Amino acid sequence: MTTTLQQRSSANVWERFCTWITSTENRIYVGWFGVLMIPTLLAATVCFIIAFVAAPPVDIDGIREPVAGSLIYGNNIISGAVVPSSNAIGLHFYPIWEAASLDEWLYNGGPYQLVVFHFLIGCACYLGRQWELSYRLGMRPWICVAYSAPLASATAVFLIYPIGQGSFSDGMPLGISGTFNFMIVFQAEHNILMHPFHMLGVAGVFGGSLFSAMHGSLVTSSLVRETTEVESQNYGYKFGQEEETYNIVAAHGYFGRLIFQYASFNNSRQLHFFLAAWPVIGIWFTALGVSTMAFNLNGFNFNQSIIDSQGRVINTWADIINRANLGMEVMHERNAHNFPLDLAAGEVAPVALTAPAING
């Protein structure tokens, strides 16, 4: 009798737990994806804060030249970062228990892997949680599809790119100036500015900003007047009201006359789908571009494309960019290379075997 009651009681506890996890009445929805998302994001956040503030220098290039990234080692908010794990570790999984000591784990940049792996798992679960909540509420599932763009970007720079380059030391540092350094080195090694997928991403981000500003300003300029001049116009809207709060016909008429008729949407659903799809598709392409450049399928190379009748090179902007790329490449990881491969791979210059006679 006791055993039966105990089993029934434990079953009731599990059922109550399942009901609470999947309840849409909670102030913040947890969901089954949230069961994994919450601890992973908490672990990533706590480790990031501790490492950003107090982590010792990391031997990022694997040449016994540690690079300091934390605040207590002299950095500020802009220059500080969680430094990527050492090139000596490469692509090896490097949890705490794989190191001989905690000092070794810190010296080889173990916190970077801990933060990145937990962060990516947590972000993937956040996407799943968006789908799960949409499903519970009977909504369409496109919110998580839109979120897949920044998730794909994070996965590209933190996981796919290091895999393609053969080491997590090539991943993006977790800091402001570290992000800029990653971008500069990426341009130097892969010529990303000349990659069509990056161009589509630029069009997506800048175009999305433009369309967002256009939409917001048009809506704000065509609000239906519900208040007096001494009241805020925001009081003219009541949450959940059935009436339109702005006049889409007026907005359509204005923009159609400003540009031309068919440049303006006359269907609100088409308009908002476009506003979501444009930046998402652009960022998808950029993430795909980074993922292909990870395996050295780089941007277009138009260096020395124009030659005159005498065989002399006529420089174009492509050659200017190439010279900048070479300059950036020889400056990064300055002590890790005997000679940059891109410079060493050029044509061999003739060398005189005998010194010319100098009549003096």
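Each Cβ is built from the backbone N, Cα and C atoms, and glycine gets one as well.
Swiss-Prot tags one of the stretches 87-108, 197-218 as transmembrane segment, and that stretch is 197-218.
Residue density at His332 ([CaMn4O5] cluster binding site): 15 other Cβ atoms are found within 10 A of its Cβ, drawing on all protein chains shown. Long-range contacts of the transmembrane segment (274-288) within the same chain: residues 142, 145-146, 148-150, 152-153, 155-156, 197-198, 200-205, 207-208, 211-212, 215, 265, each at least 6 residues beyond the stretch ends and with a Cβ under 8 Å from a Cβ of the stretch. Between the transmembrane segment (142-156) and the transmembrane segment (118-133), three or more CB pairs separated by 6 or more residues in sequence fall under 8 Å, so the two stretches touch. Classification of Ser264 (quinone binding site) by DSSP places it in coil, neither helical nor stranded.
The shortest Cα-Cα distance between Tyr126 (pheophytin a binding site) and any of the recorded positions Asp170, His190, Phe265, His272, Glu333 is the one to His272. Of all the binding-site residues listed here (His198, His215, His272), the one with the fewest other CB atoms within 10 A of its own CB is His272.
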